[in-house]
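According to Swiss-Prot, the features are:
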| type | residues | note |
| --- | --- | --- |
| ACT_SITE | D21 | active site, proton acceptor |
| ACT_SITE | H49 | active site, proton donor |
| BINDING | 20-26, 48-50, R321, 347-349, 429-431 | GTP binding site |
| BINDING | D21, E22, G23, K24, N46, A47, G48, H49, T137, R151, Q232, T247, R319 | IMP binding site |
| BINDING | D21, G48 | Mg(2+) binding site |
| BINDING | S315, V316, T317, G318, R319, P320, R321 | substrate binding site |
Amino acid sequence: MSSKQQAQGRNVVVIGTQWGDEGKGKVVDWLTDHAQAVVRFQGGHNAGHTLIIGDKKTILRLIPSGIMHKDVICYIGNGVVLSPEALFKEIGELEAAGLDVQSRLKISEATTLILPYHVAIDHAREKKRGEAKIGTTGRGIGPAYEDKVARRALRVQDLFYPEKFAEQLRENLEYHNFMLTNYYGAEPVNYEKTLAEAMSYAERLKPMVVDVSSALYAAEQAGQNLLFEGAQGTLLDIDHGTYPYVTSSNCVAGNAAAGSGVGPDSLQYILGITKAYCTRVGAGPFPSELYDHDNPARQDPIGVRLAEVGKEFGSVTGRPRRTGWLDAAALKRSIQINGLSGLCITKLDVLDGLETIRLCVGYNLDGKKLDVLPRGAESVARCEPIYEDFPGWKGTTFGIREWEKLPVEAQNFLRRIEEVAGKPIAMVSTGPERDETILLQHPFQD
């Protein structure tokens, strides 16, 4: 019996353990072969998941990666903030490539909408901050979450009640335009244009809108395997990340339940994705950093090499990523927060050819030794990394599919990561293609 015909389903959550960009899209794509549904539960179109299938590169920002598999249903949960404009742009790109999208995409009626004034606020705020800017993508994600918490957000279901929508939109714009013009010195957002654009999306969205919580419950009762796809990474989590240099949502495994409407007991296997090194986009502390394109003091040649070989540029923004050695002490913090079942190490091949490879196993902070990342950006910024050094390997790991075929030095490096982290490595990604993967423990199987 194939995994898609199991009588009893099993659910897997895929979480980034670093600052995002860990390679979750490729791993989700691989795991989707064993799932009937893929669920996005937080974030918006501020993070791109890059998939390479054959010679085709696809970047998904909002739609779950499972859309590339023709028999898989994709859900956007209540924890997501959704830009209708970005959604239909992405749908158009996928349909132009021959994919059936709208019959397989299901959107929660409780999903918060991103509207033009959220984008305007995002840009105006970053401009006013100047050198102290957070480094947002400028897509309105943060302001939309702010409206949600302030209980003034417009949600997908509101589009189907035009009079109520128009009234709430007018109130929202009175508030946001006051802030835009009087505090930020920016242009106001036009009410009539915003209303007309929003209403134009209502009928197009309606066939895709469902009660996602009930749909997922029914799928579980039918014995289906569900895959929950996280965006960003644990160290960008609004509560547990390097605050305030974080995103505006909870990126941790626990939010897979709240952000999609399932119970915590539905999250049976938590897979944490980590690169074999570290990257970060935008501002914020980074203890093991080697290279920052924008910082003349951070131009270590190995960091430059990691960026070039790893093609470390944001898939949505195109911004160069900062690079550094793998931080196992930060990984331990992610393991604590997420309750990880296993690890997936990605981009191991980027380390090929290095004479020495370093692993951060702790920090010196104000005269004390720590073995786990502290909380708060101020403390993290003062951390001095403690490294263990490992001999590199001469051969290539690119495309290897069996553990035994890895260079011994690579095996030793990976085993030490397991020891420091205290969790087993379930998978190793050795290239961008779906089948360039070493499987040690199958997340969908006991």
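Backbone N, Cα and C atoms are what each Cβ position is placed from, and that goes for glycine too.
Here the features listed in Swiss-Prot are painted onto the structure.
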residue	record	DSSP class
G20	GTP binding site	coil
N46	IMP binding site	coil
T137	IMP binding site	coil
Q232	IMP binding site	coil
G318	substrate binding site	coil
L348	GTP binding site	helix
T430	GTP binding site	coil
Taking Cα atoms as reference points, which of the binding-site residues T137, Q232, T430 is nearest to the residue listed as 'active site, proton acceptor'? Q232
By CA distance, which of the binding-site residues (G20, G23, T137, L348, T430) lies nearest to R321 (substrate binding site)? G20
Spatially speaking, which of the binding-site residues G23, K26, L348 is closest to R319 (IMP binding site)? Use C-alpha to C-alpha, please. G23
Name, in the order they occur in the sequence, the residues of the same chain whose CB lies under 8 A from the CB of G318 (substrate binding site) and which sit 6 or more residues away. none
Which of the binding-site residues G23, T137, T430 has its Cα nearest to the Cα of P320 (substrate binding site)? T137
Between the binding-site residues K26, R319, R321, whose Cβ has more other Cβ atoms within 10 Å than any of the rest? K26
If you compare CA-to-CA distances from T137 (IMP binding site) to each of the binding-site residues G20, G23, K26, L348, T430, which comes out shortest? G20
Q232 (IMP binding site) to G20 (GTP binding site), Cα to Cα, whole Å, comes out at 4
When the binding-site residues Q232, T430 are compared by other Cβ atoms within 10 Å, fewest goes to T430
